[in-house]
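Structure first, then comments.
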Amino acid sequence: MIPSERVGIVGYGAYVPRYRIKAEEIAAVWGDDVDSIKSGLMIEEKSVPSETEDSATIAVEAAKNAVARAEIDPKDIGAIYVGSESPPYAVKPTATIVAAAIGATPDLTAADYEFACKAGTAAIQTCAGLVASGMIKYGLAIGADTAQGAPGDPLEYTAAAGGAAFVIGRKKLVAEMEGTYSYTTDTPDFWRREGQPYPRHGGRFTGAPAYFKHIIRAARGLMEELDLSPEDFDYAVFHQPNGKFPRKVARSLGFEPEQVEPTIVVDRVGNTYSGSSLLGFTAALDRAEPGDRILVVSYGSGAGSDAFSFVVTERIEEVREKAPLLEEYLEDRVYVTYGEYAKMKKKLKF
């Protein structure tokens, strides 16, 4: 899908809770071999939301940063879409909370999206379509989650909290969208039924037929459509469920480590689900120079991938410092014990 009109990112923002738990702390409780865990998942620690944080508060913080960089009146935002698989309410949209918090209400459309870890990129596609068609001036797309892993499950080492937001428009772009491509199938690799507190894994479906197949098909489809190859990109961002998968899929597609390593943050923050690939994207934008081309490929269980190509403009240097960089959130951390973590994540039921 190639936009018929110029469209792209006007402002972007990230947010990561300051609390962290080290892999060693989790391993000590469950008697796991921490060296095997860290080498297998390529992760050191993960973010933990405080008792007063949820995907809505994370979305609000990221949105405020995006609007600050966009330098727009929030009233000009015509659509807000929040992608998450951990909304604080079963029946009440997160998008309206964000709209009110940033002063965008009441003349706009808003909705919540759910497609596992790629709901945020689906929101970007929708906003881009509305903006390019002329139906709205600006759209705000957000991916935010407070992921859960069952006590003792390997997922507990990676399921984390964080999010990113993007103001989509046609003028004053910091990154122009060249195109987007999606690949979608019905693959039962990961799910959580209504009423279940924690998700379940699909075993043999979780690797090659899910993550790798979808990301590779989406990335190749986009590059073929745009007549681009891996060497045409300065940065490549892939969904980061752990540190091993994005590096492996990058090699499979022909990307070099220097294109990928600057965008990998999972080792320091964990898998933020809907925020995962988008946080990697903000890491690239935080250091990109005008003219740089960035590939972003999300993945959501169930299953699907959205791929994008963006070209950074000169305006990035004007607005980058108008909101906190992702690195500032990664450095601002307070470590907690497993007991504190269990309390914050409400794993203890009374």
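Glycine is treated like the rest: Cβ placed from N, Cα and C.
Just so it is clear, the model here is predicted, and its values are computed rather than measured.
Lifted from Swiss-Prot, the feature list:
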BINDING   Asp33, Val34, Cys117, Thr158, Thr206, His239, Lys248, Asn271, Ser301  (3S)-3-hydroxy-3-methylglutaryl-CoA binding site
ACT_SITE  Glu85  active site, proton donor/acceptor
ACT_SITE  Cys117  active site, acyl-thioester intermediate
BINDING   Arg204, Lys244  CoA binding site
ACT_SITE  His239  active site, proton donor/acceptor
* Entry from the recorded positions list His239, Lys244, Lys248 having the most other CB atoms no farther than 10 A -> His239
* Neighbourhood of Glu85 (active site, proton donor/acceptor) by C-beta distance under 8 A, where only residues 6 or more apart in the same chain count -> Glu114, Ala116, Cys117, Ala119, Asp145, Ala147, Arg192, Tyr273, Ser274
* Asked: Distance between His239 (active site, proton donor/acceptor) and Ser301 ((3S)-3-hydroxy-3-methylglutaryl-CoA binding site) at the Cα atoms, whole Å?
  -> 11
* Ser301 ((3S)-3-hydroxy-3-methylglutaryl-CoA binding site) and Lys244 (CoA binding site), Cα-Cα, nearest whole angstrom -> 17
* What kind of secondary structure is Cys117 ((3S)-3-hydroxy-3-methylglutaryl-CoA binding site) part of, going by DSSP in three states? -> strand
* Would you please pick out, from the binding-site residues Asp33, Cys117, the one with the fewest other Cβ atoms within 10 Å of its Cβ? => Asp33
* Structure fact -> Cβ atoms other than its own within 10 Å of the Cβ of Ser301 ((3S)-3-hydroxy-3-methylglutaryl-CoA binding site), all chains, total 26
